[in-house]
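Undergrad: I have a structure here, written as structure tokens, and I will follow up with some questions on it.
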């Protein structure tokens, strides 16, 4: 595993192994705290994303490794006209592994051509964000004890939501998954996903417009932000926005072991009263993100068996 | 001690203990150089302050720990509308201790509600900056051998100077402190401080307009910057500014063991000819700031007794 | 060696020693991986330069040391009116060695007056950039096995190219060097260099306008970028620009062991088809830059003999 660009690059078996490593890290972190000593992670964020960058950096430091990099492109050689390939050629001389974020779709793939070290896509535009998907899978696996036989509801902006598309693809490989897409007409899941994936694989899915009509059936409710600027007009936004704000009332009829997920940052699409509810798992996702990134770094550096036993 | 928001949160005894730890670090730093190994400090600077950030980072690295964070809010999720509470919820999953600076008064206090780890206020607007005050106390204690029986002059912008207000409050708890406030009428110490603190505790203080008239009496002269934009009009500024610029001439009649302090950065309110005078201690303050922050990190992580003996 | 401001501050013997240390590091990096443990490098970049900053940071981390600093001046106390001397006074309390970049020529020299720790100039305006020159010398030494008896071609913007001026001066101290300067009339090597250095030392040099007329003679071809804004008018730029773009065709008649160098970033002055040619050494330069900076940090900290044997 030299590069991770698209979460679908990984087989189900590889994902299982990463989840196993992450679970082992969670069980006893101290055994992993020096395994990446003398290794350097470069975080190359051509587009700012503090949360993702800090998660990668915390992961590497928690493995005993070191970190260098940049948090936005404004001050890099890119602004002098250097190509992404050249930047990667150079920086891959300075480090042992790269986590790269870029506003252009496909940039991390181009970068792999010249990288001398393993490279992880930390998000490329609206395209892929594989470590978020792996984090989501780890969270589901830990909370539900399985990745199959689940009814998964996605709610909010399903048209542009990169995390929703990736997780839908990833979950489609497990047995007996029922998908429920909850969105306003403007923000429904794209046709290509329905046609090429859901219909093509003959998967069980339905599309609805409110949380309330399906809440009883869900094992997982995956919330995303509904951005005002996505709507055709102000009235539609005002009419619809409360429909996609999750509060304790909308959760009343849920299964007791429902889990509520969110890729964060959250603005107001989940009220803070939900935060202390045991069904809320979005802050656990954050914690899992760090552990999954630790597992991934270990695996890509080939150090997963170097751990103290 | 889970959070440090206001320097007055600390008892005199707690301050004494921090000063003791800092002095012990200064005596033999090598004994402390690995005590925070495997620990991570997050420096969350929603407002830039290079000096304070680097002091915290140097402190943590000098304890053998690691550092991650951001140096300005412009590129964080805050700009996507995330609340401070959520940012802290997330980042406290990535680290063992947080140093947080924020332009809004009270933001660090709000942050403590969701932080899973100890949190230090590294400055909130014009409000509190407890590590600066602790650094000032350490410097006075080291240079004068005591924190009581002192005549302390504060000079410059006493109206808006956060460090002056905090140090005045902190010093008011020690015995036999005489306060001398040297400022133009526009920048006198606020009424609330005089009324609620100095008068209420019946402390010894006076207000004057020039350094020369009091220099002979002072054990400590604490300088601050007089910013042009604080004045009502240009003429007042031009007339007054030289009065508040410290040079060797104004120091002529001082006690031989007077110490001159300044929170830095300095613009022109102390001439560089003073820098090499033995009474100048403002660069020693910087050094002490690093050691005090080391002491504080140790104490808040509960590691102050883990040091090699 | 307390400060390195100008590459010419170093004697030929000191450069030889640095090259020896760098070569030893390249031979077995693991022996060096903990030698700077507990040491802190401050990277103070008052002007952004991601490449140089990351090279220094990688060097220090690869020696087992730590790094702190800032990557642009916009958020530092400099913007509050603090002098460079004061900033250095402060930051040299936080670290063991400083690498400093500044847009103003001479700023690093001023900085040395107040620095309590060794300081390396990481580039000051169009003036000096000693670690680039040392990197170039290491590359030539490694690739050609010698630093004398060479014909060196410099091509592109020889008027403003800081790296060209520095390397010319540095190479002028070795025996039997022939210089060939390839540039349009607008961008010829400055008169002062010809008069004060090349003529004064009676060195062998010539000036030409095309690569093709000299390619056969060269042992080294050092390319630099020709910036459009350097030209008097658009037509001249359009007429001339292709002349200074290196492709495989222009390299056809070269010696088989010619090496092509470039300080990077490259925009389009070397076509990417050249990258995979064995004569292309510009990405090796990057790698060498890291090792030379490791050698320099070791030497300036006086740790070059502390290495595990």
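A Cβ is built for glycine as well, from the same backbone N, Cα and C atoms used for every other residue.
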Undergrad: Based on TrEMBL, name the residue from B:101, B:239, B:290 that is recorded for the same carbamoyl phosphate site as B:51, B:52, B:129, B:132, B:264, B:265.
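TA: Record check against TrEMBL: carbamoyl phosphate site with B:51, B:52, B:129, B:132, B:264, B:265, extra candidate from B:101, B:239, B:290 is B:101.
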Undergrad: Provide the list of binding-site residues among B:51, B:101, B:132, B:264 whose C-beta sits under 8 Å from chain A at the C-beta level, in sequence order; use 'none' for an empty result.
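TA: Nothing passes the 8 Å Cβ test.
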Undergrad: What does the structure give for the C-alpha distance between residue B:80 (L-aspartate binding site) and residue B:129 (carbamoyl phosphate binding site)? Integer Å is fine.
TA: 27
Undergrad: Tell me the coarse DSSP state (helix, strand, coil) of residue B:101 (carbamoyl phosphate binding site).
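TA: Reduced to three states, the DSSP call for residue B:101 (carbamoyl phosphate binding site) is strand.
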Undergrad: Among B:51, B:52, B:101, B:129, B:132, B:264, B:265, which the record lists as binding carbamoyl phosphate, how far apart in Å are the two most distant Cα atoms?
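TA: Max Cα-Cα spread across the carbamoyl phosphate binders: 17 Å.
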Undergrad: For chain C, give the subset of the binding-site residues B:51, B:52, B:80, B:101, B:129, B:162 whose C-beta is less than 8 angstroms from one of that chain's C-beta atoms, in sequence order, otherwise 'none'.
TA: B:51
Undergrad: Suppose we draw a 10 Å sphere around the Cβ of residue B:162 (L-aspartate binding site). How many other Cβ atoms does it contain, all chains included?
TA: 18
Undergrad: Quick one: largest C-alpha distance among B:80, B:162, B:225, binding L-aspartate per the record, in angstrom?
TA: 35
Undergrad: Compare the C-alpha of residue B:225 (L-aspartate binding site) with the C-alpha of each of the binding-site residues B:52, B:101, B:129, B:132, B:265, and give the closest one.
TA: B:265
